[in-house]
């Protein structure tokens with residue numbers, strides 16, 4: 001068993017060392033490719049330069065390379081003023097995932113900054129000023145959340161600057177002497193310490209820079225306007241999309257006002273009609289009340305047995321022969337057009353008598369419409385309370401509750417009109 005362990009141990013050590021070495025080899029190979037493209041054969045690189053597969057970037061101290069002393073990983077690549085005339089391939093450099101500083105200041109490098117710059121997650125300083133780099137700035141720049149200083153001045157960059165407002169720690173942004181267009185970049189001017197975007201093709205208003213920068217930071221951009229450059233900005237016409245949105249918003253607002261106004265008009269009209277209609281009914285009642293009176297078929301104890309017999313009745317107040325109120329028609333469609341005179345003239349059939357009064361079956365329009373009229377007497381409820389209860393009852397909608405049609409109220413007598421239920425009373429069904 002011990003012999004097997006002794007044999008396996010060197011193998012494990014070899015495998016661990018090989019895996020670790022293979023990762024370093026991949027980074028080293030990318031860095032060598034990065035330099036091969038930058039040097040382009042015009043820079044004499046002797047053995048002291050390093051930057052080859054036979055040496056180590058940290059142990060052998062490649063020119064321009066600084067490493068972390070503990071992790072032995074590449075932290076800085078500074079290749080300023082070395083007359084490099086090759087092509088920038090940022091993707092190779094970003095293979096060193098711990099890279100925090102990349103500086104190629106004052107060379108003659110061409111190419112562009114590719115989207116692979118987003119892989120340099122730990123990058124804090126990026127200096128490429130004084131070269132011939134062109135193209136648009138990539139959108140992946142906003143992924144460099146640790147970036148503090150960004151210098152692309154004196155190159156041939158064009159197009160609009162992407163939204164880098166998410167880089168909250170940015171304190172330096174130099175982009176002068178390029179061909180950049182669009183509006184001034186959206187930056188946190190309250191945190192920014194250094195800014196220069198002069199001699200480009202920026203246009204539009206200069207934002208509020210919190211008084212931290214002068215007009216020199218924006219000069220050489222004829223399209224810029226604002227108080228800082230003493231050039232008033234023209235009024236901005238609303239976009240078509242905003243205009244359409246505003247039109248739709250105004251339409252809904254005015255429509256709401258129109259609907260509200262219509263509701264108010266209908267409410268006022270309803271109030272006026274409801275006030276006028278009882279007045280008309282009252283006049284009609286007063287005209288006929290002197291010759292109308294309730295007629296019941298009998299007043300004996302056998303009244304409950306003659307519910308099937310027909311009797312004529314007419315309605316008036318029993319108070320000194322003068323009507324004190326009028327018929328109030330509720331919202332049921334059955335009561336539409338119902339008048340007090342119709343109840344006075346219609347034949348009626350006594351259906352029964354209860355604790356508070358009698359119940360009649362009234363046939364209107366030659367029997368086309370049938371209603372049930374409850375005559376209530378000796379009920380100690382004043383007129384106003386009775387009206388309130390009837391209006392609440394009118395709002396009730398339930399299959400077990402008969403819809404109310406109208407009601408009549410005076411000091412001593414009250415009438416309640418329902419839709420007629422032809423199947424008989426609950427008492428009859430039970431007994």
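Cβ atoms here come from the backbone N, Cα and C positions, even for glycine.
TrEMBL entries are annotated by machine, without manual review.
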Item to check | transmembrane segment according to TrEMBL, located in which of 182-204, 205-227, 228-250, 251-273 | outcome: 251-273
Next on the checklist: Between 106-134, 135-163, 280-308, 309-337, I'd like to know which one TrEMBL lists as region 'Disordered'.
Outcome noted: 280-308
Next on the checklist: Summarise the domain 'Protein kinase' (345-431) as counts of helix, strand and coil residues per DSSP.
Outcome noted: 18 helix, 36 strand, 33 coil
Item to check | Local confidence of the prediction over the domain 'Protein kinase' (345-431), expressed as mean pLDDT | outcome: 76
